[in-house]
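Student: Below are the structure tokens for one structure; questions will follow.
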Amino acid sequence: MAAKSRSPKRGTSEKTPLVEKEAPYQPPTKGILSKLPASWVPYAQLIRLEQPHGNYMIYFPHIIGLMYASAIRPTELSVLGHRAAIFAIWTFLMRGAGCAWNDNVDQDFDRKTERCRHRPIARGAISTTQGHVFTLILTLLGFAAIQSLPIECTYVGVGTTVLSAIYPFGKRFTHFAQVILGSTLASTIALSAYSVGLPALSKDYFVPTLCLSATIMLLVVFYDVVYARADTTDDLKSGVKGMAVRFRNHLEGLFAFITLSIAGSLTTLGYLVGMGHWFYLFSVGGLTFGLVSMVALTHWNILPGYSSGRCYAFAILNLLTGFIMEYATKDYVVGV
């Protein structure tokens, strides 16, 4: 967590700043960033190299999409491994591009927010132009990584990139920017499905794909609202909109609504494509239990030995496990 902001200089406005005291930026002294050349550190910080959980968050819908498609149509394990490797590269590059774009667009807001004011563009370590060039390079490399996949993957990838570019502007005009962010990640379900030959947006699979995409979108909204609660005070002062701000007095109700909507979407998906009991046990039941546990931790401090992050990870693991079990038990494990 960054330190507090400095007092205003003489002759400046008498308005109380959002952050009253500010300590100067301190270069990293531990972790992966401390091992890099000093000139590389701002760019590594820009792509959140020291925060890999963001990569996991973006990567998991790709894997869910692969297993969703493979539970419906046979896919060799070697093909799944190849696609998973490609999407790991795509995720790393496009997540970095998204972070760089977001920080460039949000730099004025970041300077007013305690948690964000030492980000490289906000503190002046990287210029606006350098940030845009870096974003473009990462984006081009990302699309180069998926060129061996069916052309539909590129089409969906363009849509994903457009949604990602829109996201930071959404926080200025709507309280539901998290829905844009969630839709960005949800679009990767179709991307992954097309990569293994399932026509995800065709008439036969459009509704099931939509149900799973809605699930991913709602999971991202759930996670992002939990994460954004820490910035609610600063966001109210600086005028940043968001669901954590809009529903700040009704967060438990919002979480409950999201959880029920996810359970309903997954149940509908399972019915439409004929999923078996493993899917309902893990992907529906286990996921729902994980999210309910997270709400309980948030409000009533139930299960004090567990963090809310563990509950969320448990929920995601169950979602994936249900698809894996369906894939395995339907004798789709071919070409081992």
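Glycine is treated like the rest: Cβ placed from N, Cα and C.
For reference, Swiss-Prot lists these features for the protein:
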- 1-26: region 'Disordered' (REGION)
- 11-23: compositional bias 'Basic and acidic residues' (COMPBIAS)
- 52-72: transmembrane segment (TRANSMEM)
- 74-94: transmembrane segment (TRANSMEM)
- 131-151: transmembrane segment (TRANSMEM)
- 179-199: transmembrane segment (TRANSMEM)
- 206-226: transmembrane segment (TRANSMEM)
- 251-271: transmembrane segment (TRANSMEM)
- 272-292: transmembrane segment (TRANSMEM)
- 314-334: transmembrane segment (TRANSMEM)
Student: Pairs 6 or more apart in sequence, C-beta under 8 angstroms, 3 or more of them: is that satisfied by the transmembrane segment (74-94) and the transmembrane segment (179-199)?
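Tutor: Contact confirmed: at least 3 Cβ pairs fall under 8 Å.
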Student: In terms of Cβ proximity under 8 Å, which residues at least six beyond the ends of the transmembrane segment (131-151) contact it?
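Tutor: Beyond its ends, the transmembrane segment (131-151) has Cβ neighbours at 43, 46-47, 83, 86, 89-90, 93-94, 96-97, 100-101, 103-104, 121, 157, 161, 194-195, 197.
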Student: Restricting to the same chain and to residues at least six past its boundaries, which positions have a Cβ under 8 Å from a Cβ of the transmembrane segment (314-334)?
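Tutor: Those are 60, 63-64, 67-68, 70-71, 73-77, 215, 219, 266, 275-276, 278-291, 293-294, in sequence order.
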